[in-house]
Structures are given as structure tokens and as C-alpha cells.
Amino acid sequence: MISSKAQYKSKRQQKLEQRQSQSKPFTHSTQTPFRDAERNFKSRLPPPNFDNVIDFYNLDLSSDEIKSKIVKIELKVELGKDDDEEKENIFGDYNELKEEKEIIKGERRIAYVVKDLPGFIFIPNPFTPEAQKNIIKRCLKDFAKYPNKNNLDTHYVLPKEGLWNLHEKIINGELDKNDSRCVVPLKASVTGQNSLYEEEIDAKQEITQKECPQKSLVEKEYQEKEEREEKGEPLPSSGVPILSPSELIKKLRWITLGYQYHWATKTYHLDKRLPFPKDIELLTTSVVKSINGIKFYTNETNENNDKQYFVNDYDHKKWKPEAGVVNYYQLKDNIMAHVDKSEINMEAPLISFSFGHTCIFLIGGPTKDIAPIALYLRSGDISIMCGPCRTNFHGL
């Protein structure tokens, strides 16, 4: 008799399978198609089912059902090919991209749309490896420090130079990890805490007044509403652990750019506006310009049974990025289903850039009762939600 190691199962595995087969199906209290999809991809036993995940880099290996939903389109403007040399450098040298073609696989004028999701546009990685590194470096070294707000600000007195710069000095041997400068104190333990907060607030307001233009009428109305609502910040806790810069880096989850976001009320602080990074502004402007006027047929029909089509009619000349969030993920992290609806202008597209590990992106409809479509996002990929898709639930 010939036995196969692949078919061998330990007694523990056999017992687990036996228990699963005998147990009654468990019904969750929050059972929706979107929640079911989230549970599938977070599952460890049984492992996730990836059969219906869209892989834009390997569509030829996809099922006929997936292929029928995807339409390859051409961007109106090739990314990185601009008269402004500064914009071109953000995506990296075009010749370098051609040399890396076998790895990157994407040309800078290619995009994809999904017939079931009018307003969703996927752009495969248009960046060179060096350009990706530069943006990642910006996110870790430049954006994740004062005066930008982050999730660690509540409990820690973070160094003005940022955690990453301190972490680098320790790794490079410029600072000993036992040096007192490598200790990040707790806010709850710092004396003169109120004066510290006041200094931070005054400094941020001074930056706002110097570098940001006056508010529009819509912004003033939004701020008047904001002032009527209490926006208390959470109090620092003395119970959180004292950690080294290298340990705290792994706890970093988000930072806000431009208008600072108030997570408790899911609204923006219009009195806490910081200058938006110029390079990210140029980057997003190039993307918005490239999708201007894009048109494609959807799977929807009108009362006469005629095919409906989606047109991105947002005027790219009005685009002016004023707020952004950088999310940092550790392996196994996720963002649950949500809708980004705090912005004053909901007509402007929502643009997302992914760098680092591959992840699963879920995008559904206006409610969680609509089953989401799952797709892979790889490093450098760009996803855009505009038009009717702008207020759809999505997660990662």
C-alpha cells in the first residue's frame, strides 16, 4: 500500500474536522453579504476562499464570469507624461518603467473598470520601484510627525522630528537604545501638560493662518455647525505601556494631512488646517486629469432595455486636494466596511494609493446588504471611487 504524506492528517486535525461536521451552523447577529465576505477573508479555519477575487494582472487566468465584468479602458492622459517635469518625477522615469516592464506589467495609460460598479476605476501600478520607495519614505519620515495628527498623539509626547527618524538613528547606531532621548514619555505623566497642548494648538493655528487661504462660504457654514457640536478629544491614559520608538512605529495606524480629522465625530476640524503636501497634490491632480471624461457601458439597463453607460463628468479643473489620510497596516490588519462621507464636496473623486504588501479590497454598494466585489491591490496600484460609486461601502 502506498500512502501520501499530503493526505495524512494528525489526530488533532481529524478531531477538529469531526467537531466541525457535527456542529450546527452558527448564525451571526450581524449577517449581511458584506459582513460574510469580510469573515471569509479573515478566516483561518477553514482558510479563505480566493476563487472570485479579481486579479487585474492575471485576467487571462480568471473565470469567464469575472472576465465578462471587466472592461479595459484607456486613460485620457498618460500618467507621468506631462509638460511639468515635477509631475513626471513623482511616478518615476518613464524609461526606467519600460526596463521594469516584465515586473510591473502596466503601461501608464491603461486602466480597468467593473461593469457592476459604475464609477470605480482601477489603475495598475504606474510607479517605478524608486518612485514607490520615495513616497513610502515620505509617509514614514515626513508625514508621520508634528504638526500632523496621528493615533499615538492621545497618549504619547512624540518627538518633533518624528518616530521614524528616531528609530533610524537607533538602527544606524547614532543613538543608543538606552539613551534618555529614546524614551517616549506618556502625556498623562508629563508635568505642565496643558501648556504643552496649548503650544501645539497655537503652532498649528499659526501655520494655518500663514499658509492656507481664507475659508469659502460652504466651509464657514460647516464650521458653524462644527462649533455647535462638542468635539472633545480623548484624555491621555497613564495605563498605556511606555515603548521605544521602534516598538511604537508598529502601533502607528493613521495620520491626517491638510484638514485634521476628528475620529470620534467623523468630521473635519476646519480650524485645524495644515498645508497639503505639494507632491501628493500633483500626484492626485495627474490621476484626476487622466480619468476626465472616461465613459463605459455598465450592466444596467433603462426602462427601454437600452444599455446604460457611466461618464465621469467631474470637472478636473476644480480639483484641489485639501485633506488626506495615510493608513499604516501591519500584517493581518483590516479596515471594516465604511463609507467616506465627511467631506464637504462629495462630487470630487476619492483616490487611494496602495504601497507595500498585497491586500484584498472589498467594494460593495450603498448598503451592506449588497455583496461586495473582491479584488487584489498590489504595491503602486491606484483605485478611484467617483460618481455613484463615491458613497459605496468598502473595506480592506
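Glycine residues also receive a Cβ, built from the backbone N, Cα and C atoms like all the rest.
Unlike curated records, TrEMBL annotations are generated automatically.
What you see is a predicted model, and the numbers here were worked out from it, not measured in a lab.
Annotated Fe cation binding site per TrEMBL: H338, D340, H394, in sequence order. Annotation comment: TrEMBL describes 19-33 as compositional bias 'Polar residues'. What TrEMBL lists as compositional bias 'Basic and acidic residues' is 215-233. According to TrEMBL, the domain 'Alpha-ketoglutarate-dependent dioxygenase AlkB-like' annotation covers 243-396. As annotated by TrEMBL, region 'Disordered' applies to 1-46, 215-238.
Same-chain neighbours of the Fe cation site beyond H338, D340, H394, judged by a C-beta within 8 angstroms of the site's C-beta center, are, in sequence order, I335, A337, V339, N392, F393, G395. A 10 Å cutoff on Cβ-Cβ distances gives H394 (Fe cation binding site) a total of 22 other Cβ atoms nearby, all chains included. Neighbour count (other Cβ atoms within 10 Å of the Cβ, all protein chains): 15 for D340 (Fe cation binding site). In the predicted model, residues of the domain 'Alpha-ketoglutarate-dependent dioxygenase AlkB-like' (243-396) average a pLDDT of 92. There are 11 other Cβ atoms within 10 Å of the Cβ belonging to H338 (Fe cation binding site).
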